[in-house]
Structures are given as structure tokens and as C-alpha cells.
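Peer 1: Quick paste of what Swiss-Prot says about this protein:
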- 1-20: signal peptide (SIGNAL)
- 154-187: repeat 'TPR 2' (REPEAT)
- 258-272: compositional bias 'Acidic residues' (COMPBIAS)
- 681-709: coiled coil (COILED)
- 694-704: compositional bias 'Acidic residues' (COMPBIAS)
- 721-736: compositional bias 'Basic and acidic residues' (COMPBIAS)
Amino acid sequence: MLRLLRPLLLLLLLPPPGSPEPPGLTQLSPGAPPQAPDLLYADGLRAYAAGAWAPAVALLREALRSQAALGRVRLDCGASCAADPGAALPAVLLGAPEPDSGPGPTQGSWERQLLRAALRRADCLTQCAARRLGPGGAARLRVGSALRDAFRRREPYNYLQRAYYQLKKLDLAAAAAHTFFVANPMHLQMREDMAKYRRMSGVRPQSFRDLETPPHWAAYDTGLELLGRQEAGLALPRLEEALQGSLAQMESCRADCEGPEEQQGAEEEEDGAASQGGLYEAIAGHWIQVLQCRQRCVGETATRPGRSFPVPDFLPNQLRRLHEAHAQVGNLSQAIENVLSVLLFYPEDEAAKRALNQYQAQLGEPRPGLGPREDIQRFILRSLGEKRQLYYAMEHLGTSFKDPDPWTPAALIPEALREKLREDQEKRPWDHEPVKPKPLTYWKDVLLLEGVTLTQDSRQLNGSERAVLDGLLTPAECGVLLQLAKDAAGAGARSGYRGRRSPHTPHERFEGLTVLKAAQLARAGTVGSQGAKLLLEVSERVRTLTQAYFSPERPLHLSFTHLVCRSAIEGEQEQRMDLSHPVHADNCVLDPDTGECWREPPAYTYRDYSGLLYLNDDFQGGDLFFTEPNALTVTARVRPRCGRLVAFSSGVENPHGVWAVTRGRRCALALWHTWAPEHREQEWIEAKELLQESQEEEEEEEEEMPSKDPSPEPPSRRHQRVQDKTGRAPRVREEL
């Protein structure tokens, strides 16, 4: 009965129609004990599927609130019980395991201490959970791994944005969509939804806010922004807040590590930490899992939502910014505390040592009690103690441990393990540096395609991972592809494909054609099949060469192929000062002011290599150019011509743009490649299958007798059959 009434009860908690919605997803029933998140989430999805948007919002929000409340209970109970003297672990167990001293009173003593402390800690945690969650609440509200993963991926917000949209709450719909997208930047449907929200009149730029941003990231970004404006005094409170928030976030993560053993991931079971044998093996196995999880909290705290990798040296770098900012405003004592804390991580850091000497000289007489920060000292001592135990288990029990910290002293690692760890690191060279291309003299002799020559390498292009190759297309092949682009543009009114003004400049017209669209037009008889087939063949030709040159030991996959033409608009070229395509990088958002490139949306972060295969040169302007990360200093310039390929890595090392096309029409095949097979271009596969089907049908028709029907099927009907066969109407994907 209670489960049937839950949607109605939660519906009453929603604000009345027309009332202002509070910013963010605030608590629906403050002070109330959390309910079972899994039941709330399941009920919310049922309401969503039934189109009951208001109950769906209430249930999904309450599921989020309850999940967060459970996390706070674990954190609070863990902290209070850890502070209980009667439940403290024996001091002898907090450091490295000592060699067995043999049977006797000493061994029995620590065993009794351990078990007594474990029992008291368990009793304390049970009583605390009962007070906060009710009797048996910890077991009743336990969440399975599948649901934890769904909440970590922020899936409730995917449903919330749709429900809010149906309720006409566009501000919250955009916020929920943005919150989901931040953690799932590769979600193509949400990328399209975000673009739609941006075009809606009722949505403001402020609507796109992350409702789940960890507080330490918000403070960190604000502090960096203020430092960039030379406002150290205003930045200091935000930087300190970021550091304290980072430490608090790690404590929350560590509390989650102490859940039931079944909640630990399968990763630990594979590395030998799973429970085997008797009592002590079981205790050791679970304890190792907890320690491994705690050590991973450093990387999780340093990883932005939606990012794959943590910010390197996150805590030490925060301390570096703090001591520099304190010094700028004259807080020398605090500057010394923070620089001494940096030296706890890196005792031989020359820059930190120079800064310390400078601060001490400016301060004058040494002040008693001035040392590293106590919170950082506690963090390092605890982390080193855990590492010591994990390396011991690695050496003696055969478990594995991936140390997340570059500052771990080498002396802490057992000598027997150092060589093995060094070998493991050397087995994966691409994790540390890109594959180096072969020298120019090698490529002049062994290029894969006859007639292809390497014209310029990275050295001649004044950069890294760049190359210009000529001869990939014959003049006849360039003509076929140019005709394909022209025919597709001419068929725009019938197919939904039409040119438009360039999104980068009002002085040019932009036309784009994907491989799938070309295949569909060829199947419909709108364009010739020769051009569509050549488009597929040439894209694979470019992929093969790019992989052979830049990544011979790691397969590359096409992620997107686009035939693009830019045409100068007559009468709009006088005194033109803009570019055809502004300077950018292909897999990160370039910040010319700082020279940094953020690998995050809206950039296509999975792109690893880019290629531009030119089809003509009978136009004015339109040269490709590379720059420094400041987007101002030009380092190389490439003039398009038929069959010329410019290939380069897609990151910050290769910012590039296109000079204005001031006369004529410039056409090129743009291709992007990825190491990630899950991001390979599915439309390329569909296009290939579609063209193969067309060829088979043509061959069958040739074998049959000529039909007496004087009225063959019109192209529009044939086009409709293509749509039906693929299961959906063909769509044009625009990508610049």
C-alpha cells in the first residue's frame, strides 16, 4: 500500500503550478530520513514511461536526495566512530606489517586488540546508522552496484530533463540536461538536445549549470580565474576553499570504500585481493580492497566530471598556487606553511626550495611553530601508511596495486618490486608519449600507395605530428568527387541537403556531404554511384596512410568523414578581415590567452588524428595554416591542390585555421580518426552496405529480361524505399 501511495504523496510535495522553482534540485522533505533510492528510482522510471511527468520529477528528485543522504550518513558515522577512543585500531596495525615475532603474549595481545577494536567499531557504526536511518536501515537501504553506477553516470538527470521539458520548465530542463551532459560528453543524443535548448527563447545562458558540481571544483575554477586577473587577494579564499573541499571530497570517497565486501568492484577480485581461505585471509582480502579503494580516491577527487583522467599533481599544485598568492599579498607566514607542505610531497623541488629561502629572508627572524600545514601532514602520513601495507601485500600476497601518486618515495617500494613496476610502465609507451613517425628518407621509399610522396614532415612544417603528402588522388578522381559535391548541392531542394552561409563567416557559403548521405542520394538516383563509391574508397585510403605514418602499432578508426565546400559570396569580399575558419584544435577547446586546451565538450574529445584531402586549387585564398597555441603566431602554411593530404594530430600541439576564400569554390574531404573503436563511424559502415545492395540489385536487373513497363519507379519512391530499408529517414549530420 505504501508503495502505491508513494507517487501521490511525493506529488503533493511539488510546488503549485506557476510557482517559482528553486534553483537546483533541493531537498523535498528536509530532515526526513532517506527512503530506498532503488525503489524511488524504479517508481520514477515507471511514472516517466507512463507520461506522468510531475510524479516522475518528484520521484527522481527524491531518489537523488535519498542517495545523497545515505552518503552523508556513511561519512558522518564513519567520522564519529573513528574518533571514538574505544573503537580505535591498535597503533601497531596502522603502519607496515612487522615480521612475525612468533607465538607468545605479544602476538595474542595485538590479536585481541584488533578484534576488540573491530567489534567496537562495528557496534558504533550499527548504532549510528540506526539513529539516522531507523532500525535495520543500513541493510534495508543498501544500493546495488548497478544503481550506484547509474547515479554516478547521472542517469536520473537524463530523464529529469525530458520531464521538465514536458512540464514547460525550460530553465530546469536545460540545467538537468547540462548536468547529465557534463558527465557524459560522448552522449550524441544529449549533444543534440543541448543544441536545441540553446535555440529556445525561454532558455538563458545561466540555465546551463551543473547541479552536481563538487564544491571544490567550483571554488578551484573561481580561484584560477581570479589569479588570472592578478587578483590574488580575492583568489585566496577560493583557493583555500578548493583545498579544503578537495580533502573533504576525499573523506567522502573513503567513507564509501568501507561498505560491505560485495559492494567492492570485480577489479579487486581479479588482482588476487578476493577472500580466500579462513578468517585471516578473509580479513586481509577485504582490508586490501578497502585500501585500494581509498588510494583511488585521490584520482577520483582530481578528475573533473566527464573527464577520463585526473588533473596531475592536484593537491601539490593547489599548494603551489596558495603559497604564491599568499606571497603576493604579503602573508609570508602562510606562504611558508604552504611551500613547506609542497616540500612534504617533493623534498627536492628546487622551485619550492628557492621560494622558501626567499620567504624566510623577507620574514627575518624565524618564528617558532611555523611548519607545514597539519591537514597536509595528516594526509601524507596516512597515505604513506596505506601504501606501505599495499606494497607489502603486493610483495607477499600477490595482490596488485596501481599507485596513483607520482610523489611516493622510491624507498617505500620494496626493492623486489621496483624492477617489475618499471617494466610494467615501459610496456605501454603510448601512455607517456605519442608514437614517433618514421623519418622523411624512409617514407620517400616505402609509401603504401603508388605515386604518393611525402612532401613535408613535422620538421619542415615547424611543428610536431604534422605531414603533407601529395598524389593521393588523380585529376580524374578529383573531378569525380567535385561533381559529386556539385550534384548533391543541386539536389538540395529535393533531399533536404542545401548549402547555407558558413557558421564561421557571413562572407562564404558552406556545403557539407556525409558518406551516408552520398550513398542514399546515389541509391535514389539523385547523384552518380561512382562518386559515392569513390568517397568511401578514398576515406579508407586516407585512414590507411594516416595510421601507417603516425600510429603503426595502434589501429586507427575513421570517426567522421565530411566532404566540405566553401564558396566566396560575390560582392561581399571587399575589405574582408575575417577567416574562413577561425583557429581551433580538433579535440579540445583552445584558450589562446593561456595557451591551454581543455579536452572537454563541446570539443570532440575522442578524436586523435585529423586529415584534409584537397580536391582543387582554382580559387583565391583558402590556405590552411598552423599556429602556436596563442592562435596568433603562424608556424606553417599549406596551399591546397588536387590530391594533397594534410594529416596531423588533433590536440593542442596543432592549432589550425583557414584563410578567407575570397573567390571561387574550395572543396576538401575532412576526416577524423580515433583510437577508440567504440567511436568508429557507423554511417560509413551503413553507406558501404547500402552501396553494396545497390550494386547487387543492378547486377540482378541486368540478368533479367527488359521490362515492358514504360514507367519506371520515380526517384522519390526509390528514395522512400531506401528510408524504409534502413529503418529510419536519412539524416544530414552537420559537423564543422
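Backbone N, Cα and C atoms are what each Cβ position is placed from, and that goes for glycine too.
Since this is a predicted model, take the numbers as computed values, not measurements.
Thinking about packing and proximity, how do these listed features fit into the structure?
Peer 2: If one looks beyond the repeat 'TPR 2' (154-187) by at least 6 residues along the same chain, the residues whose Cβ comes under 8 Å of a Cβ in the stretch are 21, 24-25, 41, 44-45, 48, 51, 53-54, 56-57, 60-61, 63-64, 193-194, 197, 200, 202-204, 207-213, 305-306, 600-601, 605-606, 679.
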Peer 1: State the mean pLDDT for the coiled coil (681-709).
Peer 2: 73
Peer 1: For the repeat 'TPR 2' (154-187), what are the DSSP-based totals of helix, strand and coil residues?
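Peer 2: Taking each residue of the repeat 'TPR 2' (154-187) in turn, the totals are 26 helix, 0 strand, 8 coil.
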